[in-house]
Amino acid sequence: MLDIKYVREHLEEVIERLNTRNGDYSYLREIPSLDAKRRELIKEGDGLKAFRNEQSKLVGQYKREGKDASEIVSSIASIKDKIANIDVELNKIDEEIRQMLLKTPNLPDKSLPVGKDDTFNRVEKVVGTPRKFDFKPLAHWDLGLKDGGFDFERAVKVSSPRFVFYKGAIAKLERAVASFMLDTHVKESGYTEVLPPYMVNTDSMYGTGQLPKFKDDAYKIEGQEMWLISTAEIPVTNYYRDEILDADQLPIKYCAYSSCFRSEAGSAGRDTRGIIRVHQFQKVELVNFVKPEDSWDALEHLTRSAELILEKLELPYRRVCLSTGDVGFSSAKTFDLEVWLPSYNNYKEISSCSNFLDYQARRMNLRFRREKGAPTEYVHTLNGSGLAIGRTVAAIMENYQNADGSITVPEVLRPYMGTDIIK
């Protein structure tokens, strides 16, 4: 969440910057009046406490002198009730401000292009040239149906639409891609591999910013305060929640393979064919914990780690800086990596790499201390897809297909696949 002190001191600037997200955040103007009411209650409470203390001393004096102190005792009880009521009102105000902050997104960094949606995104660079086919290329879903690698019909039977069975060589390709990604991130980019839980509690969902805004996009376990993860970002980023790290522990770089579960609320009619938008998919996630002064360099390093996978696979891609109206709720700045898909005759998102600054750390109460006795500071967190595995498989199938429907295996995957072609 945002720093309430900064919001109070720069209220109009905060609202102006947030409004570039194509929303209305004027409700934050309620904070000064709530603060004023809070100060009045604190002043009233402090006065009552001082009076209560004086009366308590008087009771002792009366008892020593053998006088009747019953009226004073009764008065003290009444004062205690008033103080308790004030505390209740203070808690209500604090919770109201907290709920405001929980539903308020991160401030978009000033380097972002300003615009209401993705049409204002800025292409930063383009790497590789889309292949020119001497035959009519097939979409990945047609390739998968042709060789029996995908079974959508039976997936609908046992689950629902937007699920898929992978089979045979395509199932092995998915597994090979995941192993290749993890090995590359660990060996070449200095990440430590973790295997996280696929269910998290409600506190974790609040910690990374999935709640309260994205409640309808998530799968909740009925009767429990447990949720299926939409990304490994959630369990891995919450790993250090409510902890104070030593400065020499930072930076910490984790990579995690997981299944991800998304309801895709609001995506009806979009990407209805293939494996681009499904309810369950696999992904390798990159998560960084860094000192505040290192987070912008870390964003570049994290993004390059994701780009390295695409470059090793020799897949054409581009890097896009998201606009203020398209950047994610918790993110201050995001680079999307988009891979070329011939079936779309366009680039399609395959990774989002984001710097959250201290936004998530404040929600999680994750801090660090530079040295013994020094005040604590909030850690900066970052994450990115390294990459979405299903979309990577789709990109490989489409970009490496042959006229006979076979698929050439990218060179870096051949040790994992044990073959150079999928027939």
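Positions of Cβ are set from backbone N, Cα and C atoms, glycine also.
Nobody curates TrEMBL annotations by hand; they come from automatic prediction.
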Which of Glu243, Glu285, Glu371, Glu398 does TrEMBL put in the same L-serine site as Thr231, Ala232, Glu233, Arg262, Asn383, Ser385? Glu285
Around the C-beta of Glu233 (L-serine binding site), how many further C-beta atoms are within 10 angstroms, looking at every protein chain? 30
In DSSP terms, helix, strand or coil for Ser352 (ATP binding site)? strand
How many other Cβ atoms are found within 10 Å of the Cβ atom of Glu285 (L-serine binding site), counting all protein chains shown? 28
Looking at L-serine and its recorded binding residues Thr231, Ala232, Glu233, Arg262, Glu285, Asn383, Ser385, figure out the farthest C-alpha pair and report it in angstrom, whole number. 18
Is it possible to get the count of other C-beta atoms within 10 angstroms of the C-beta of Asn383 (L-serine binding site)? 27
Can you count the other CB atoms that lie within 10 A of the CB of Ser385 (L-serine binding site)? 27
For Asn383 (L-serine binding site) and Ser352 (ATP binding site), determine the Cα separation and express it in whole Å. 8
